[in-house]
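Take a look at the structure below.
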C-alpha cells in the first residue's frame, strides 16, 4: 500500500472556507433530492472541481465514517481496545441488513465491528459501537454532530450511527470531503483499513461492495452509502501522480452511475495536468510538505 499524505489540522478550517468560495448550488435532479460532487487535493487543499457541493443530501452509510472517527478517537484515548467485547443489544440485532447477524445478548470485538463496518457496512456493528461509546444511539448521534462542528462540518447533522434515513439527518459533499480528510490526517495508522476488500467473521467470508477499489488505480477507500432517500453515495481516496485526492459523489440513481461519475472526474482532473492546474486556483493554504 502506498504511503499517504497528511494535511496539517490548521488547513481543515481553511479548506472549509475555500470550498465555500467555489460552490455553486444547483437545481435538484429527478429521482433524488440532489446530486453533488467534489474533488480536492488532500495535501494542498486545492479544489479541482465542485458541483452543487453545498446542497444538503442524506448521507446514508457515509454516516459510518463519523462512527468510525469517534471509534478511532476512543481507541487512541484508551477508552476502547481492539479486543474488547461489546454487547449486541436487541436494538442492534433488530436493525436491517447489512449486518453481522449476531443474536441479542451476544458480543463482537471492536476489531470485528470495525472490519464489519468497513467491509459490508454492518449496521448492527455501528449501533453496538454507538451504544458502547454513547450509552444510546441517540446520545451517540449527538456526539457525532458535535464532532462534526469541531471539524467545521457546518451543514451536517447526524441522527443515527448507521445512516439509515432519519428526520433531520443531512450532510453535504463539502462536509464529507472534510470528514474524509480528517480521517486521513488524524488516524494515519487506521486509515489503511479502508482499503480492505474482504474479511472473515467467525468462519464466514464477507466481501465488500466498494467497487471503486477496483475501478481506478490508486484508490484505497473510503466508504459507500445508499438508501432509497439518498441515492448512491461514495467518498473515495486515491493516490495519483504522487499526490492524494479525496473525491465525493452523492445522490446518483445507481451504484454504476455513481462510480462512473467518480471515475470520470478522476480521469478529467487527475490525468489531465492542464485541467487540474486550471481548476486548482485558488489553492487553500499553499504547498504543504509531507509528514
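Backbone N, Cα and C define each Cβ position, glycine as well.
Marked as domain 'Peptidase S11 D-alanyl-D-alanine carboxypeptidase A N-terminal' by TrEMBL: 27-253.
Summarising the annotation, TrEMBL assigns active site, acyl-ester intermediate to 61 (among others). Contacts of residue 61 (active site, acyl-ester intermediate) defined by a Cβ separation under 8 A and a same-chain sequence distance of 6+ are given as 121, 162, 163, 223, 224, 225, 226, 233, in order along the sequence.
Residues annotated as active site, acyl-ester intermediate in TrEMBL: 64 (among others). If you draw a 10 Å sphere around the CB of residue 64 (active site, acyl-ester intermediate), it holds 26 other CB atoms from the protein chains shown.
The secondary structure of residue 121 (active site), as reduced to three states from DSSP, is coil rather than helix or strand. For 121, the entry in TrEMBL reads active site.
Summarising the annotation, TrEMBL assigns substrate binding site to 223. A simple way to gauge crowding: the CB of residue 223 (substrate binding site) has 27 other CB atoms within 10 angstroms, across all the protein chains here.
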- Helix, strand or coil at residue 64 (active site, acyl-ester intermediate), per DSSP? helix
- Message: Taking only the residues in the domain 'Peptidase S11 D-alanyl-D-alanine carboxypeptidase A N-terminal' (27-253), give me the average pLDDT of this model.
- Response: 95
